[in-house]
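Here is what Swiss-Prot says about this protein:
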TRANSMEM  2-22  transmembrane segment
TRANSMEM  44-64  transmembrane segment
TRANSMEM  85-105  transmembrane segment
TRANSMEM  113-133  transmembrane segment
TRANSMEM  163-183  transmembrane segment
TRANSMEM  188-208  transmembrane segment
TRANSMEM  223-243  transmembrane segment
TRANSMEM  255-275  transmembrane segment
Amino acid sequence: MLIIELLKAIFFGIIEGITEWLPVSSTGHLILVQEFIRLNQDKAFIEMFNIVIQLGAIIAVMLIYFERLNPFQPGKTAREVQLTWQLWLKVVIACIPSILIAVPLDNWFEAHFYFMVPIAIALIVYGIAFIWIEKQNAQQEPAVTDLARMSYKTAFFIGCFQVLSIVPGTSRSGATILGAIILGTSRTVAADFTFFLAIPTMFGYSGLKAVKFFLDGHHLDFAQVLILLVASLTAFVVSLLAIRFLTDYVKKHDFTIFGKYRIVLGSLLLIYSFFKFVF
């Protein structure tokens, strides 16, 4: 029944809206949840759905940060306009590694890593990394506390860390936040740049998935269009809350709790995979 599919779409939209911005892997969570709750749709649609619903989350970022990201915003001084264009240039530079590496390798990673065990391992590995990095940085003051002071070189290397998220379970936001902190930025700068970098990255990735879906000869029926719209709208609404939460959270806390969450979840998934394989 369509109503059941739409309820599932709402649920998946909630998962996407929360996990897209927290460093816990949205795609990984969607794949995991769909192990137990699946849309009654073909595999090609589900694979496209898992990526394209990110558009709702991206529109939320654009709405929240519209004035900050808009170089044509009335009232901005010449210096503020210049800084806005410089920010966009940093974002473009940070996209280069993904264009050169992640895009060509996407199909291979999708074929070999989009199942439970690699996701669980990635969750654990990056969970340990978050805890270790936070302990190392506990007594250190960040070198970059303002996006305006972040160099183009740093932006490029943050983009290199983003490439790591091609492995499901890694988390795009987790990889870029972790990379930015390692490179000397404050948590606030790391989170903000992660949000901004997501706009072209996820728009591009969603667009590629949609184009590939249609070029492969697939099409969308009315129910599938509705499912995508409902899931994306839900992701948009939930993302508004999740982004506000994370921006407030990083002002007072570190990311250790997310590292612990990843380790616990990854361990449970490995146990589940073991028993599923044995029995």
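Glycine is no exception: its Cβ is also placed from the backbone N, Cα and C atoms.
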Counting Cβ pairs closer than 8 Å to the transmembrane segment (44-64), the top stretch among 163-183, 188-208, 223-243 is 223-243
Cβ pairs under 8 Å only, please: of the recorded stretches 2-22, 85-105, 113-133, 188-208, 255-275, which one is richest in them relative to the transmembrane segment (223-243)? 2-22
Are there 3 or more C-beta pairs under 8 Å linking the transmembrane segment (163-183) with the transmembrane segment (113-133), counting only pairs at least 6 apart in sequence? yes
